[in-house]
Amino acid sequence: MKNFISKILGQKSIARGYVELELSWPEDCETPKPGQFLTIRIQDQPVPLLRRPFALSSFNLDKRSASIVYQVRGKGTRILESLPAGSSLDILSPLGNSFTNPSKEETAILVAGGIGLGPILYFARELDRAGMNTILVFGCRDKTLIPNLPPLKNGSIQYCTDDGSAGFSGSSVAYLESLSLKELSQPRLYACGPTGMLRACHNFALKADLPCETAMEEMMACGVGACMGCVVELEGKEQKYARVCKDGPVFQSRDIKWT
Ligand SMILES: Cc1cc2nc3c(=O)[nH]c(=O)nc-3n(C[C@H](O)[C@H](O)[C@H](O)COP(=O)(O)OP(=O)(O)OC[C@H]3O[C@@H](n4cnc5c(N)ncnc54)[C@H](O)[C@@H]3O)c2cc1C
Ligand code: FES
């Protein structure tokens, strides 16, 4: 983990209310892994006080740049969106753990919803680069929220809309239920998105007896494991709680107590 000043290399809208931000990454800072995140001190003012956490959505080793995909939600992200290329950002990263790589025999099914797109996209791009068979499933309310993404070379992207305005008509989990899992080589599930979607992915994985990892996005204060402000309750573990920022954000879904 390193605290550094980065420059914004560019920002572009990829769907209604969603922005992809590319930032410079110093030579002496380790390469982040899919699932890991950064925190940004948005500006040198008392408000917003807390650093804002965002998952990495890509990393370019040659260019030494990284990206995040964020939804414009409140004060912090509105300020972030207004910053032009060349602006400085105070970054702390890489933070947290990362997804477990699937084996060559496994088919990775990556499910994303809303602000969960970033880490899933990074993982999908890395697996695709490694020639792995990957299915990325992105669920959203309607077609205006479908991100403009380049296709995967070795895998596929399935969009799902609740209102049926594009792609599969229904939720991402309804899409999973429509798949013939027997035709896939050893499916393995990964998910990031709203809690309801994560819970549904976990229940699907339990029923289908599939391994499933979920990246959690709890509210955070310190972001480095010091304040216990981001705990999730665990199931069947000696330890009752885990910190999302330090012990996660990626957990085996069966280890989480889904309430
Ligand atoms: C590990 C981690 C990774 C994240 N990755 C991403 C990402 O890749 N892209 C992205 O857009 N967002 C991500 N988030 C959420 C992001 O940090 C918040 O959306 C952001 O901090 C909001 O800042 P704001 O000042 O604009 O909004 P605020 O004014 O602080 O809040 C606006 C609204 O957003 C809600 N909100 C704030 N923080 C969170 C949160 N952590 N989870 C859910 N709702 C929240 C608040 O309840 C409020 O309703 C991540 C959060 C965590 C903990
Ligand atoms: S945010 Fe402080 S311990 Fe996680």
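Just so you know, glycine gets a Cβ as well, placed from its N, Cα and C.
According to TrEMBL, the domain 'FAD-binding FR-type' annotation covers 1-101. According to TrEMBL, the feature FAD binding site maps to Val69, Tyr70, Gln71, Gly76, Thr77. Under the heading [2Fe-2S] cluster binding site, TrEMBL lists Cys222, Cys227, Cys230, Cys245.
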Gly76 (FAD binding site) sits from Cys227 ([2Fe-2S] cluster binding site) (Cα to Cα, rounded, in Å) at a distance of 21
Candidates Val69, Cys222, Cys230, Cys245 (binding-site residues); min other-Cβ count within 10 Å returns Cys222
The predicted model's mean pLDDT over the domain 'FAD-binding FR-type' (1-101) is 94
Of Gln71, Gly76, Thr77, Cys222, Cys230, Cys245, the binding-site residues whose C-beta sits under 6 angstroms from any atom of ligand 2 are Cys222, Cys230, Cys245
Counting only residues outside Cys222, Cys227, Cys230, Cys245 in the same chain, those with C-beta within 8 angstroms of the [2Fe-2S] cluster site's C-beta centroid are Met220, Ala221, Gly223, Val224, Gly225, Ala226, Met228, Gly229, Arg243, Val244, Lys246
Comparing local Cβ density (other Cβ atoms within 10 Å) for the binding-site residues Gln71, Thr77 points to Thr77
Whole-number Å distance separating the Cα atoms of Cys230 ([2Fe-2S] cluster binding site) and Gln71 (FAD binding site) is 20
Same-chain shell around FAD excluding Val69, Tyr70, Gln71, Gly76, Thr77, C-beta within 8 angstroms of the CB centroid, reads Tyr18, Val19, Arg52, Phe54, Ile68, Val72, Arg73, Leu80, Glu81, Ile115
